[in-house]
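Peer 1: Copied straight from TrEMBL:
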- 151-230: domain 'CAAX prenyl protease 2/Lysostaphin resistance protein A-like' (DOMAIN)
- 16-35: transmembrane segment (TRANSMEM)
- 64-87: transmembrane segment (TRANSMEM)
- 99-121: transmembrane segment (TRANSMEM)
- 142-161: transmembrane segment (TRANSMEM)
- 173-189: transmembrane segment (TRANSMEM)
- 201-228: transmembrane segment (TRANSMEM)
């Protein structure tokens, strides 16, 4: 016979605190990803500029678009749909009592990851993809666009993963389920970058979640991630045989 179990569709007061962050993160990450990967968007830059400037402007566009779509947009949605949401609930705050903890872990992790990033950035398999701006001759403008683009992008990225997709979930779900969900989604976004980065994102994501929880802010994750990206990008720039940087060039 046509039998089924009774559906319990009871709506709990804390459900919005879980549903909104997860669904908004999904929607806006998808928007970012397919925009950043769009060949039509890329072609529009290469029609307008010469190769070097087209590469720089296209990559910079993907970075600040990532900041807006992954950082700003989900935060706005959370503020609109979740009652009582504050910046502190997303880790966008400063606590004097955890300031020294934040400083120590930020400096310590940077001291650890910067040499590791510099070492791996020299490898041929890394130079295939980095620096992401494939301009043959880097000028000072391109150099600083690269730094600013990474900073904006990773601020939005960490605001999404350690802010929107983690901090609001702790109260209704508990710390460990929140970390598990965060790690799963964080690692999944690294699949296009290969097995090494996908696996590496698992322990890194867990550590960054714990440090975010302990400090009450996202700043450790933001600064450490930017330090890694800058180191990787600039080391790759230095060692790439087909890319040159003219320091005084504009």
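Every residue, even glycine, has its Cβ placed from backbone N, Cα and C.
Give me the lay of the land around each of these features.
Peer 2: Each residue in the domain 'CAAX prenyl protease 2/Lysostaphin resistance protein A-like' (151-230) has a pLDDT score, and their mean in this model is 94.
Long-range contacts of the transmembrane segment (64-87) within its own chain (CB-CB distance under 8 A, at least 6 residues past either end) are made by residues 16-17, 20-21, 24-25, 28-29, 31-32, 35-36, 93, 149, 152-153, 155-157, 159-160, 163-164, 168.
With a threshold of 8 Å between CB atoms, the same-chain residues lying at least 6 positions outside the transmembrane segment (99-121) that come near it are 127, 130, 211, 214-215, 217, 219-220, 223-224, 227-228, 231-233, 235-236, 239.
Long-range Cβ contacts of the transmembrane segment (173-189) within its own chain (Cβ-Cβ under 8 Å, at least 6 residues beyond either end) map to 18, 22, 25, 29, 161-162, 165-166, 198-199, 201-202, 205-206, 209-210, 213.
Listed as Cβ neighbours of the transmembrane segment (201-228) (distance under 8 Å, sequence separation of 6 or more from its ends, same chain) are residues 88, 90-95, 98, 101-102, 105-106, 109-110, 113-114, 117, 150-151, 154-155, 157-159, 161-163, 166-167, 170, 175, 178-179, 182-183, 186-187, 189-190.
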Peer 1: Six or more residues beyond either end and a Cβ under 8 Å away: which residues meet both conditions relative to the transmembrane segment (16-35)?
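Peer 2: Here the qualifying positions are 41, 62, 65-66, 69-70, 73-74, 77-78, 81-83, 160, 164-165, 168-169, 171-173, 181, 185, 189.
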